[in-house]
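The structure under discussion appears below in the form of C-alpha cells.
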C-alpha cells in the first residue's frame, strides 16, 4: 500500500491544509448600501491601522458618523485620524468610496464590487489597482491588473486610490523559514515537492534510478484517487 497523495490529504482537511481563519481580524468589506450612500454621503474616521495575518495589505478600522465600525482596505498615504467619505456625492480622493458610475475615466480604483452591495470582491491585494476605462448607458468598463477589461454595473462601489502594501514582492524572503511562516498563514503547503523526486511509496511517479515518469501521464477521470495524477482526462498533451 502506498501513501496518500497530497490531494488526498488536502481533501481530508487536516489542520495543515485548513485556513486559519480564527486569526483574521474580521470581514473586510463595505458598509451596507443604504439610502445614506445612495442619496448623499457618510463620513468616517480612521481610528486604527491593523495587520491582518494572511492578507497582503493592511486594514483600517473606520468609525462612521452613525457610530458603526468597519474594517476596510486602505490606500497608500492614509493615516490614523484622517476622514473618508462613502456615497454618491463623495469627493474623488484616495480612500473615498463611490459608485463606479461617479468615478471619472482614468482614475485608479480598488476593492470593486461585482454586484451592487456585495462589499467588494475584485482588486484587493497590496499594491494593486484597476482603472476606470469608459462609461456607457447602464455599464462601466474597468481594466483589471491582469489586463482583462470587465463590464460592471455603474452602481457597483469602488475605492479611489491604490491599495497600501505595494512593493512587498521586491523584498526577498532570503530564508526558507520566513517563506514557510508567510505561506502557513494562508494554509498553503510549502515547499511543493515534485512527484518524480519522491520515493515509489509516496507517488505514482516516484522511484527509479533516475527521475522519470515511467508510465503515461494521461489518466482516466474515473481512475482511483491514489493514481489520479498528471493529465487528468486530457484531450491532448504536448506542444501544439
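In case you wondered, yes, glycine gets a Cβ from its N, Cα and C as well.
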Among 1-31, 32-62, indicate the range for which Swiss-Prot gives the feature region 'Disordered'. 1-31
Intrachain neighbours beyond the compositional bias 'Polar residues' (1-11), with Cβ under 8 angstroms and 6 or more residues off its ends: 17, 189, 200-204, 225-226, 228-229
Residues outside the compositional bias 'Basic residues' (224-240) whose C-beta sits under 8 Å from one of its C-beta atoms, at least 6 past its ends, are 2, 4-5, 7-8, 195, 203-205, 213, 216-218
